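Have a look at the structure below before the remarks.
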């Protein structure tokens, strides 16, 4: 596992975008060999998406031969609902780049058979050759996608009933009306993300500091699902200073020292865990 500690949340978005651009360009995707990218929603990756859009406009990266798989989607929200993840991804990223719509994969929360939809999503990932780089964010309780505390660490894409804490946290997006908050979601499993060749997790803000501590300094625990990625061969966590507040000083110095040796701010050329 590698931890990259940067000054601000803006720095995290810029660094992550540079890394994604480098991974795509180094891969040299083509019509016969697509780069497969796993993507999250939420406020944390917005800065990364904005930077990638700029890189695309500048001609530094193309998404023509990129296939994407998103982590999750609410059950029962129309695709054009302003809180659906379809809407989020198209509005904040896809419509601004040169990706082919057929290469975008987002779970359908309105499918007639939700279990079949989840199984199809797993099949599509396999048919694409697996995910090259899966990007995620985490919640204050250490959840990734909708794999909330207590989720199986070998789980696959499935229907999840959302915890009360999640419903209450999401109410602010639905006029603070709990009756409007979707009670279920479709989500990739922890095992689904673990199958990817590389995982990059973005963590910003003091409110996620304890989750980062659990992910880095304590053992693997299904009550903190992000901790599972200690056992992935290529996990890269990118965080800001605020997110390190619960880490030991020795831990922070250790990872900062590695980054300094690799030229701080660069997209970790040739990094190895």
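From the backbone N, Cα and C atoms, a Cβ is placed for every residue, glycine too.
Per Swiss-Prot, these features apply:
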{"type": "ACT_SITE", "residues": "72", "note": "active site, proton acceptor"}
{"type": "ACT_SITE", "residues": "141", "note": "active site, for ring-opening step"}
{"type": "ACT_SITE", "residues": "143", "note": "active site, proton acceptor"}
{"type": "ACT_SITE", "residues": "148", "note": "active site, for ring-opening step"}
Review point. Any idea what the Cα distance is from residue 148 (active site, for ring-opening step) over to residue 141 (active site, for ring-opening step), rounded to a whole Å?
Key: 8
Practice item. Tell me the Cβ neighbour count for residue 72 (active site, proton acceptor), meaning other Cβ atoms within 10 Å of its Cβ, over all protein chains shown. Key: 21
Study note, to complete from the structure: Whole-Å Cα distance, residue 143 (active site, proton acceptor) to residue 72 (active site, proton acceptor), is 13
Point to revise | DSSP-derived class (H/G/I helix, E/B strand, else coil) of residue 72 (active site, proton acceptor) | key: strand
Check your understanding: Within 10 Å of the Cβ of residue 141 (active site, for ring-opening step), how many other Cβ atoms are there?
Key -> 19
Practice item. Could you check the active-site residues 143, 148 and say which one's CB has the fewest neighbouring CB atoms inside 10 Å? Key: 148
Point to revise | Cα separation, residue 72 (active site, proton acceptor) to residue 141 (active site, for ring-opening step) (Å, whole number) | key: 17
